[in-house]
Amino acid sequence: MQVYLVGGAVRDYLLGHSYQEKDYVVVGATPEHMLAQGFQPVGKDFPVFLHPETKEEYALARTERKSGQGYHGFQFFTDTTVSLEDDLIRRDLTINAIAMDQDGKIYDPYGGQNDLENKILRHVSEAFAEDPLRVLRVARFAARYFPYGFQIAPETLQLMQTMADSGELDALTPERVWKETSRALMENHADIYFQTLRDCGALKHLFPEIDALFGVPQRPEYHPEVDCGIHTLMSLQQACKSNYSLDVRFAVLVHDLGKALTPAKELPRHIMHEERGIKPVTQLCERLRVPTQTKQLALSVCKEHLKCHQIMSLKPGTLWRLLQRLDVLRRPERVEAFVQACECDAKGRLGLEDRPYPQAQYMREAMQIVRSIKVQDLPENIKGAEIGEMLIQYRIEALAEFKNQHQSLSHS
């Protein structure tokens, strides 16, 4: 039997990038051979084994044939006659269809090295169209390799468009869409993922709420980029640039969904877009089964981001209630995530990317002030329900003093 390193590890090795995961394909072996050598079977749909010592994945070389719709609609065939070339041709992109043997010799039957050199993302064969998840995977690779100058081959983008138009994307499960999208959101250029999906016509099928933002105008004095969709992707790029968490990136992505629902007669103003956004954000999160914590921050940012922009003019009581809704006393990290998302929104505007956002520091200081006031600070004779009422009173008074000090400093 022959063992080859395949896929992403070989691709990244040839690019000179670091890699963690190693996947191997085994040619000329049977499940019985693998078990006899101590490998542990883990594959449900096809024979995949874990190495007894390294726990790395070893898959028997296989072919596959489309038998139904969607990601799971395949029949797999594996035996000792399946060659390395047979296994590699079923892979998505030529740059992922390269193998390396244990002596370091490269096997590249489909031109992957040439495409690496020319910075091209190209499908291996027409079988690419049999798996709709590959549309999302290619979009994610476009995001990952964007800084290195990679582009999708025109014929591959055309095939992705055909797949999007065919309705095959509807067969993808919410879990698969979210898994691929959450991985894409953590790329350094996550905006390219969504732009690529839009370019191939997949965005309107998978994320209609986001697709609807493109072409919707905003007031140019506040948004020089004008287009709501462009603003959304610019804001997302700010979150990526700052290396923020998945929760923050997703919240930034959906913060303005309400603008797509603004009545035409009100454009380019978007009064009450925060309230209008609650329904589409909720729908998107429920459809994709977005984790609860991620959904909660997204809804908070959607509902409250204008208050963060206007924070210095908020009345102390209004600011306290905002902090309360963000669960400032139990979850200060959520307030921080909220501030980060709002700052990305403010900086996701053409020509304003580097403008200071003093509201962020103001919010952080306000958070520290209310968190510093404890029960021990109250008079000893306060009992029962009065304790909670007086804590609120003390916190609002402290915020009022903070606001006055801030205004005095800014006017001095």
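Cβ from N, Cα, C; glycine included.
Bear in mind that the values here come from a model prediction, so they are computed numbers and not experimental data.
Pulled from Swiss-Prot, these are the features on record:
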BINDING   GLY8, ARG11, ARG91, ARG137, ARG140  CTP binding site
BINDING   GLY8, ARG11, ARG91, ARG137, ARG140  ATP binding site
BINDING   GLU21, ASP23  Mg(2+) binding site
DOMAIN    228-329  domain 'HD'
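When each of the binding-site residues ARG11, ARG91, ARG137, ARG140 is scored by how many other Cβ atoms sit within 10 Å of its Cβ, ARG137 comes out lowest. The distance from the Cα of ARG137 (CTP binding site) to the Cα of GLU21 (Mg(2+) binding site) comes to 17 Å. Proximity note: of the listed binding-site residues (ARG11, ARG91, ARG140), none has a CA within 10 Å of the CA of ASP23 (Mg(2+) binding site). Remark: secondary structure over the domain 'HD' (228-329) totals 78 helix, 0 strand, 24 coil, with classes taken from DSSP.
GLY8 (CTP binding site) sits 8 Å from GLU21 (Mg(2+) binding site), counting Cα to Cα.
ARG137 (CTP binding site) falls within a helical segment according to DSSP. The average pLDDT computed for the domain 'HD' (228-329) is 97. A Cα-Cα distance of 17 Å separates ARG91 (CTP binding site) from GLU21 (Mg(2+) binding site). Annotated ATP site GLY8, ARG11, ARG91, ARG137, ARG140; additional same-chain residues within 8 Å of its Cβ mean position, judged by their own Cβ, are GLY7, ASP92, LEU93, ILE95, ASN96, PHE141. The candidate set comprises the binding-site residues GLU21, ASP23. Of these, ASP23 has the most other Cβ atoms within 10 Å. Taking CA atoms as the reference points, ARG11 (CTP binding site) and GLU21 (Mg(2+) binding site) are 12 Å apart. Put simply, the two farthest-apart Cα atoms among GLY8, ARG11, ARG91, ARG137, ARG140, the recorded binders of CTP, are 16 Å from each other.
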